[in-house]
């Protein structure tokens, strides 16, 4: 790789480090926020590890961007070495986050039915964590019950009220929807387990794609640092600034 091209690549990478940091911070926050909406329904909290790693990576982005930009312009051997080390560590962390995301994406399958059924059994229509989690899930995902809406018929809530929760309604503000089973066309009939599983996997897939994109950028950054260093050595001079 030509030294001039390598410097341009490094400067470009340094400048986008700030944007990358903000982007990764948003992704990590988005994953945690998405999981937080169903906190009582997801028992495997280790699925948040990728998000924590991503946020940790973003925390050092701004500082690294400054170091990379200054070191590239001055061709500082010390600065470039430090920049290379940081990029390599971030690259390794991103690969780790990618691996964890891939692992936990597969572990989600079949782990949601039991906590959802438990929450449905504890649902009483009042303000508590289980009720709010179920209502939030059914409203956001437009679903009702675990496998389908008939799961509610086996709950204490249905035995007491003889109706489904209003969060099962296609339009909860509609006066026509009162949760009675005979008005099936007024509420969502699909179960929440497959929809929640797909939602979580989509969130992790989105995070994985973003991490892969940034990891590729880091890889080219490491190659560019090596190119500048090797070029300087072949020309038989030391960088002006150590």
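Cβ coordinates come from backbone N, Cα and C, glycine included.
Listed in TrEMBL for this protein:
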| type | residues | note |
| --- | --- | --- |
| TRANSMEM | 9-28 | transmembrane segment |
| TRANSMEM | 48-70 | transmembrane segment |
| TRANSMEM | 82-104 | transmembrane segment |
| DISULFID | 144-168 | disulfide bond |
| TRANSMEM | 203-228 | transmembrane segment |
Next on the checklist: If we skip the immediate neighbours and take only residues 6+ beyond the ends of the transmembrane segment (9-28), which ones have a Cβ under 8 Å from one of its Cβ atoms?
Outcome noted: 51-52, 54-55, 57-62, 64-69, 72-73, 83, 206-207, 210-211, 214, 217-218, 220-221, 224-225, 228
Next on the checklist: What are the sequence-distant neighbours of residue 168 (disulfide bond), meaning same chain, six or more residues apart, C-beta distance under 8 angstroms?
Outcome noted: 138, 144, 145, 149, 152, 179, 187, 188
Item to check | Cβ neighbours of residue 144 (disulfide bond) where a neighbour is any other Cβ within 10 Å | outcome: 26
